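In what follows, a single structure is set out as structure tokens and then discussed.
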Amino acid sequence: MSEQESSSDEIMSSEEEEQQQKEGFSYWNLKDVERGQLPPHIRKQGARVQCKPDAPTNTETLQYSGSYAAMGVDNSLRLDPFRENFRIKVIALDKDKMEFDMIGIDAAVANAFRRVLISEVPTMAIEKVFIANNTSVIQDEVLAHRLGLIPLKVDPRLFEYLSANDTPNEKNTIVLKLHARCNQGQPRHTVYSQELKWLPNGSEFAKESEKPDSKPSTYTSFSCSQDSQPEFAGNPISTMEDIIVAKLGPGQEIELEAHAVKGMGKTHAKWSPVGTAWYRMFPEVVLLDKIEGEDAEELMRKCPSGVFDIEDAGNGKKRTKVADSRACTLCRECIRGDEWENRVSLHRVKDHFICK
């Protein structure tokens, strides 16, 4: 039994829910509740979304802090209880994606976290592209836009923001170089993102000066090489591999410099650290009855997500168990058909969110 299934016992046990399903709910059957506490059915309505075959119920959340004032219950949002109950549990993490659970928060707060991930987490992205030669079929502005969307493998905390009055230097700018060519008589050449090479000493392109006798200068003013800094020792800056930048035909060539700076997604999507960020309420599957024999086999076949499994109940009998309620997509196939709604109950936990 999972952590979330065991916590559901505090709200209403499966036996109580099964009894209500059979006898029908009645307020006259409720037990006396001490002042300062809520009846089990009220607590369940506030903590769970009940998923019926046609539509979910109890989907609303209480925003008014005095909803249960007459019962001596304060349901207002306070910082100390929030800090005690809020938890983040990382489920899966690799270089391309992350899955984690946020427990003990409201849907509005979960959505705020999602929006922060999309628009307010700083990253490094290519902002300026200096093109020396481009004879490919891709226009300069389209090529620059494609380069800006290539993710860079670098920690943005190592760099400062570049304002309009700042000079590009080793602390606020990353310079990358791309020079690709398809010679005559050769097949078409595909240019990939890994062909962007890091220039730790800064720009190599000389600025055009209005004074012919002036000393030539580049587009950056690096006082030292970036690879001499301990942060980049043995950890060179690179891009995500195998992203197609352009395709060159015979005789076509691209030569350019790309300057990356620090920014946030609310300024432009190229600085957003996530491709997609979404969440859903944690699914909870409760068996209201012992499902054995052929019914257990049927229920297992009905679920396309593999939520249920069959265990040995002894004496040669097979019984259904909930193996992975997290995999439930709420397709409701398990509660469709004769009497299945009275044997299986589907919920969504209102303060537990799966984030990807």
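Including glycine, each Cβ sits where the backbone N, Cα and C put it.
Listed in TrEMBL:
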type: COMPBIAS; residues: 1-18; note: compositional bias 'Acidic residues'
type: COMPBIAS; residues: 205-214; note: compositional bias 'Basic and acidic residues'
type: DOMAIN; residues: 97-355; note: domain 'DNA-directed RNA polymerase RpoA/D/Rpb3-type'
type: REGION; residues: 1-26; note: region 'Disordered'
type: REGION; residues: 41-60; note: region 'Disordered'
type: REGION; residues: 203-235; note: region 'Disordered'
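Residue counts for the region 'Disordered' (41-60) by DSSP state, with H, G and I taken as helix and E and B as strand, are 7 helix, 6 strand, 7 coil. As a whole-number mean, the pLDDT of the domain 'DNA-directed RNA polymerase RpoA/D/Rpb3-type' (97-355) in this prediction is 92.
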